[in-house]
Amino acid sequence: MAVHSNRALLLALLSLLLCSVHGQLSNNFYKKTCPNVQSIVRSVMTQAVAKEPRMGASILRLFFHDCFVQGCDASILLDDTATFTGEKNAGPNANSVRGFEVIDTIKTQVEASCNATVSCADIVALTARDGVNLLGGPTWNVPLGRRDAKTASQSAANANLPGPDSSLANLISVFGSKGFAAREMTALSGAHTIGQTRCQLFRNRIFNEANINSSFATMRQQTCPQTGGDNNVAPIDVQSPTTFDNAYYVNLVNKKGLFHSDQELFNGGSQDKLVQRYSKDANLFAKDFAKAMVKMGNLSPLTGNNGEIRLNCRKVN
């Protein structure tokens with residue numbers, strides 16, 4: 001009898017331990033407490049993307065830049081104050097991360113529907129999914145139940161986010177440190193099939209690199225001169241910048257990657273064959289991307305009694 005009860009206790013403890021390891025996220029987390037949350041997010045995102053298709057890409061980037069710093073905890077949404085330094089002015093984020101007002105609009109509507117219930121971190125995860133889907137990409141079930149950080153780290157944002165000049169080895173290493181295989185890194189890089197970027201981030205590539213299609217380089221040089229025009233923007237995917245598809249990989253095969261880091265995925269290295277497969281098989285890319293996005297959303301979430309449910313996504317309660 002004692003052995004039985006000990007075994008039951010051990011199994012119960014193991015079960016609790018596994019729950020905490022997996023972050024206790026659940027697809028049905030708000031089923032009873034806020035059943036309208038997903039429809040509210042979808043409605044606001046539909047309007048935002050219809051108004052400006054680029055917003056789908058901006059929100060996706062915001063999600064990535066949140067999760068890669070101290071986990072998917074909405075720390076990126078916190079504004080700087082006289083006594084608090086957030087992540088918005090870190091090098092990879094300053095004057096480039098966008099979409100905060102869309103998150104605010106959703107949060108206001110969610111609070112009106114179910115006060116102090118849904119985290120800003122969960123809202124960001126849902127908006128990233130819906131932005132991709134509204135632009136023609138896949139959809140997926142978003143596990144929910146994250147809580148919001150009371151802290152942020154500008155130094156971690158500066159250190160943890162891969163830049164546009166990254167080498168393949170660096171990309172594999174940075175993503176690997178977060179638990180992603182090289183294949184998952186290459187799939188997630190396909191996020192660059194939507195969105196725009198500033199001239200200063202790709203100038204060196206279009207003027208100085210050899211593994212670039214010459215007519216593509218010439219075209220980009222017209223709006224990104226060697227000096228000046230740092231903030232002139234260009235689509236990252238030259239073919240279909242507001243459609244979430246596999247054209248990004250077709251571009252890489254044709255040496256039309258806009259960032260150095262993009263072209264590194266198809267430059268005689270370990271990811272060449274996968275890039276070629278994705279360039280020919282849009283469904284495979286969409287499937288791999290969706291799986292990797294769920295995994296990204298599971299990066300170190302705050303759950304249980306950790307963190308809080310922020311009432312305003314820009315500041316701690």
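Each residue, glycine too, has its Cβ placed from N, Cα and C.
Feature list (source: TrEMBL):
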BINDING   ASP66, VAL69, GLY71, ASP73, SER75, GLU87  Ca(2+) 1 binding site
BINDING   PRO162  substrate binding site
BINDING   HIS192  heme b binding site
BINDING   THR193, ASP237, ASP245  Ca(2+) 2 binding site
DISULFID  CYS34-CYS114  disulfide bond
DISULFID  CYS67-CYS72  disulfide bond
DISULFID  CYS120-CYS313  disulfide bond
DISULFID  CYS199-CYS224  disulfide bond
DOMAIN    24-317  domain 'Plant heme peroxidase family profile'
SIGNAL    1-23  signal peptide
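Least crowded of the disulfide-bonded residues (CYS34, CYS67, CYS114, CYS199), judged by neighbouring Cβ atoms within 10 Å of its own Cβ: CYS114.
Report note: the Ca(2+) 1 site is defined by ASP66, VAL69, GLY71, ASP73, SER75, GLU87, and the residues of the same chain whose CB lies within 8 Å of the CB centroid of those residues, excluding them, are HIS65, CYS67, PHE68, GLN70, CYS72, ALA74, ILE76, ALA149, ALA152, SER153, ALA156, ALA157. For the recorded positions CYS67, CYS120, PRO162, THR193, CYS199, CYS224, a Cα-Cα cutoff of 10 angstroms around ASP73 (Ca(2+) 1 binding site) retains CYS67, CYS120. Proximity note: of the listed binding-site residues (VAL69, GLY71, SER75, GLU87, PRO162, HIS192), SER75 have a CA within 10 Å of the CA of CYS120 (disulfide bond), given in sequence order. When the binding-site residues ASP66, HIS192, THR193, ASP237, ASP245 are compared by Cα distance to CYS72 (disulfide bond), the shortest distance belongs to ASP66.
Using Cα positions, the member of the recorded positions CYS67, VAL69, CYS114, CYS313 nearest to ASP237 (Ca(2+) 2 binding site) is identified as CYS67. Neighbours of the Ca(2+) 2 site: apart from THR193, ASP237, ASP245, residues of the same chain with C-beta atoms within 8 angstroms of the site's C-beta centroid are GLY190, HIS192, ILE194, GLN239, SER240, PRO241, THR243, PHE244, ASN246, ALA247, TYR248, ASN251. Long-range neighbours of GLY71 (Ca(2+) 1 binding site) (same chain, six or more residues apart, CB within less than 8 Å of its CB): ALA149, LEU299, SER300, PRO301, LEU302. CYS313 (disulfide bond) has its Cα within 10 Å of the Cα of these binding-site residues: SER75, taken from SER75, PRO162, THR193.
Of all the recorded positions listed (GLU87, HIS192, CYS313), CYS313 has the fewest other CB atoms within 10 A of its CB. The two recorded residues GLU87 (Ca(2+) 1 binding site) and CYS67 (disulfide bond) have their Cα atoms spaced 12 Å from each other. In the predicted model, the domain 'Plant heme peroxidase family profile' (24-317) shows an average pLDDT of 97.
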